[in-house]
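Trainee: This is the feature table in Swiss-Prot:
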- 8, 9, 10, 11, 12, 13, 34, 98, 99, 100, 122, 123, 124, 125: NAD(+) binding site (BINDING)
- 35: NADP(+) binding site (BINDING)
- 155: active site, proton donor/acceptor (ACT_SITE)
- 156, 165, 166: (S)-2,3,4,5-tetrahydrodipicolinate binding site (BINDING)
- 159: active site, proton donor (ACT_SITE)
């Protein structure tokens, strides 16, 4: 059995991850961690996820459960994830990282840690989203510079980063396929007298409202026709199941920084 720890276990995504682990053959939740000031520390992780008691108590310190897991799943905040990354690197623990909002420099730290431990880092662990990335690469290469490209994403009102990590990853895939640098061609929102659109740019539009789990559309607009590639998530479980799948896939892997394209053999 693959022994899995969940960081941020008392949060919305954390509870979904607990449920996904418990539903997956070959995986077992052996540790659950949340922030030290959480009033839920000491509670049964199964009860937090409405599964009933499973005998795993919520801890407030990763070090306290260091001997109880093989791989840590972390969907939290960059500052928290980087601290956990240093711990896992020191103690030889594999990691699944679904945290978004990293800077370029922080992503380099993930790559450095990948020299010592196996890591799967992805902006989105959904199988559908990762298939969409493959389709986006194909579409961008075929349509080339003959279309305007816009990325529209929507999430729930509690999401703290914008654009979403998934939207940015979609932009990176499209830009790479076209031989462009996303940092140079991205346009984040428009207002006022913007002038005519530069076809070389890739636009981003963000919606934050209600309880939207995650919608992403990439629009390729030409004269007389347009192509839209859309993915809509209706439950966080799709991300959680993908993360657990990645955790099982990492078993026995050499150190390295992998992503879901590797897990799904889409390369």
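Glycine is treated like the rest: Cβ placed from N, Cα and C.
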Trainee: Might you list, by sequence position, any residue in that chain lying six or more from residue 124 (NAD(+) binding site) with a Cβ less than 8 Å away from its Cβ?
Mentor: 98, 130, 165, 166, 169, 214, 239, 242, 260
Trainee: If you measure from the C-alpha of residue 35 (NADP(+) binding site), which of the recorded positions 12, 99, 155, 156, 159 fall inside 10 Å?
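Mentor: Passing the 10 Å Cα cut: none.
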Trainee: Measuring Cα to Cα, how many angstrom lie between residue 10 (NAD(+) binding site) and the residue listed as 'active site, proton donor'?
Mentor: 16
Trainee: Secondary structure at residue 155 (active site, proton donor/acceptor) (DSSP, helix/strand/coil)?
Mentor: strand
Trainee: To the nearest Å, how far is the Cα of residue 99 (NAD(+) binding site) from the Cα of residue 155 (active site, proton donor/acceptor)?
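Mentor: If we compare the Cα positions of residue 99 (NAD(+) binding site) and residue 155 (active site, proton donor/acceptor), the gap is 15 Å.
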Trainee: Which one is closest to residue 34 (NAD(+) binding site) in space, judged by CA to CA distance, out of the recorded positions 155, 156, 159?
Mentor: 159
